[in-house]
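Database features, via TrEMBL:
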type	residues	note
TRANSMEM	95-116	transmembrane segment
TRANSMEM	156-175	transmembrane segment
TRANSMEM	214-236	transmembrane segment
TRANSMEM	257-280	transmembrane segment
TRANSMEM	324-346	transmembrane segment
TRANSMEM	353-373	transmembrane segment
TRANSMEM	442-464	transmembrane segment
TRANSMEM	502-523	transmembrane segment
TRANSMEM	543-566	transmembrane segment
Amino acid sequence: MVTSFVLSIVFNFIVCKLNLTTGVIPSLNVAAGLLGFALVKSWTTLLDNFGLLKQPFTRQENTVIQTCIVASSGIAFSTQADGGHTPDNVKNLSLGWIIGFLFVVSFVGLFSIVPLRKLMILKYKLTYPSGTATAYLINSFHTPKGAKLAKKQVSMLFKSFGGSFLFAFFQWFFASGDGCGFNSFPTFGLQAFKHKFFFDFSSTYVGVGMICPYMVNISLLLGAIISWGCMWPIIATKKGIWYSADLSQSSLHGIQGYRVFIAIAMMLGDGLFHVIFMLVNTARSLTQHYSNKSSTEDQNQSSIDEMDNYDDQRRTEYFLKDQIPNWVACTGYVVLALIATIAVPFIFHQLKWYHILVAFVFAPILAFCNAYGCGLTDWSLASNYGKIAIIIFSSWVGLENGGVIAGLASCGVMMSTVSTASDLMQDFKTGYLTLSSPRSMFFSQVLGTTMGCIITPLVFWFFYKAYPIGDPKGTFPAPYGLLYRGIALLGVEGVSSLPKNCLTLAIAFFVASFLINLIKQVLQNYETKYRIHRFIPSPMCMAIPFYLGGYFAIDMCVGSLILFLWELKNKRMATDFAPAMASGLICGESLWSVPAAILSLANVNAPICMKFISAATNSKVDSFLNGD
């Protein structure tokens, strides 16, 4: 638990920074498992050298650490945007209500899915790819050969961590003001820089690019080219025709509205497809399980006893040994849901008790669908269910009664419940494969969530006080805060608030997003020779740079290029060490933000401003300085 607490602080800084910059967060399970192994293994080796070691470090403890870290760092959100600023639609941030809200809503989802653990893991034998991969990784650490490889991986992680941290420290000296430093380097020229196409020397997103699949990074770059390279320059020529020329750059009634609402339309189209696909897939899978009932009923009833091999028998034995009674889970859900139903309206007066009650009535159904679908495909659709909740509850409450805040708060309730349920089931799968007690997995999630409810708001508050969070031109634009508030505004104001032709474009991109996913899925099911579906971009990924620009997509593509060249040279080495190197790059620069924020709070500025200007501007500056 001590190790989990220390690493939870580290990972909360990393996840919070990623959330506030782009919202693109890769799986950090490998880094959590590897760092947990490194810290405890170092401690036990030290104890062994002094003859004080009582028992060895086991894979079960490693699994508990990894589970606790991921549960803790999985809690983060931010909201800030222009529009709908009536008194009931704005809530000032304070640590008190943020921590209180998280404690009230974050534990409900843990109890919603516990009664179905045997059904999901033993009867349906769902794969849960991330949970399975994490289990095999942890198991490999605790073998003689795997321990040697893990030692080398840890060495690689700390080397890349040190390099990334020092490079971020070096960059700080040249960034004394806005538009200064390496992160404003016009790599492809000043005109491209104006349209947010440049490499900003971010080790974090180079590392993220090494972890994310190639097609994700290409989709991000393609989205940036379509939006900032083509669409926004064209729409900018309609200033004064399609939208008022007097509006600020951040107004959702100006060009910012096109950026935000077209991105939202693509996300909703992508989300709607995956929700429908997952529901159909879940229903079809369940139907197949029960359609064979007549011929295999006895086998299904005794599937726990009939294992394929000795390993499965042992895993099932451990999985069934420490059980959490179903009555405890059901009672826990009802009690926590009632507490939240009473408490949330005191935090957000825009929501009434019956709004929360309705959310918790439907939450277990959505939690089951999400957990089942996640077991089949590794996709968690919690954010999509959250977007649907925003639209439903914001329109239900209405603008005059604070529908924007109501929609966002209900999104927090729904996402927390649905997301924690699928995360817990992933952890049950990891525990099943590492022979860890389900009870220890559950309590590790509870303890991790408790840590996160305190650590995450404190880390967010640290950033909030040190930097202008939510500034579109700043270091931490908090893009999903703007996008989610935009969805809430759509719910309360309707489409009449959109700028001219924005609705037409949004509908076109919504339909295109849905159709791209449909075509990709059809090709994946029926075209197996050339596997063309691998080269179809993801609309969800394409939508992110519509608002942010292409700079981080370029960083991530550089990460993909490094990984690609490494795999060409030595695929085995790349497979073994690329995740460790990427994790180090992410951790190093992300943790530099801590001393950087402390320096900012202390009003200590960098000594140099490295800024790039055109030759013509430079001549004018020289003339001014020389008194000409």
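Placement of Cβ uses the backbone N, Cα and C atoms for every residue, glycine included.
Unlike curated records, TrEMBL annotations are generated automatically.
Between the transmembrane segment (324-346) and the transmembrane segment (543-566), fewer than three CB pairs separated by 6 or more residues in sequence fall under 8 Å, so the two stretches do not touch. Scored on C-beta pairs under 8 angstroms, the neighbour of the transmembrane segment (442-464) with the top count among 95-116, 353-373, 502-523 is 95-116.
Residues 75, 324, 326, 329-330, 332-333, 336-337, 339-340, 343-344, 347-348, 360, 363-364, 367-368, 371, 409, 412-413, 416-422, 424-425, 442, 445-446, 449, 452-454, 456-458, 460-461 of the same chain lie 6+ residues outside the transmembrane segment (95-116) yet bring a C-beta within less than 8 angstroms of a C-beta in it. Counted as Cβ pairs under 8 Å, contacts with the transmembrane segment (543-566) are highest for 257-280 among 257-280, 353-373, 502-523.
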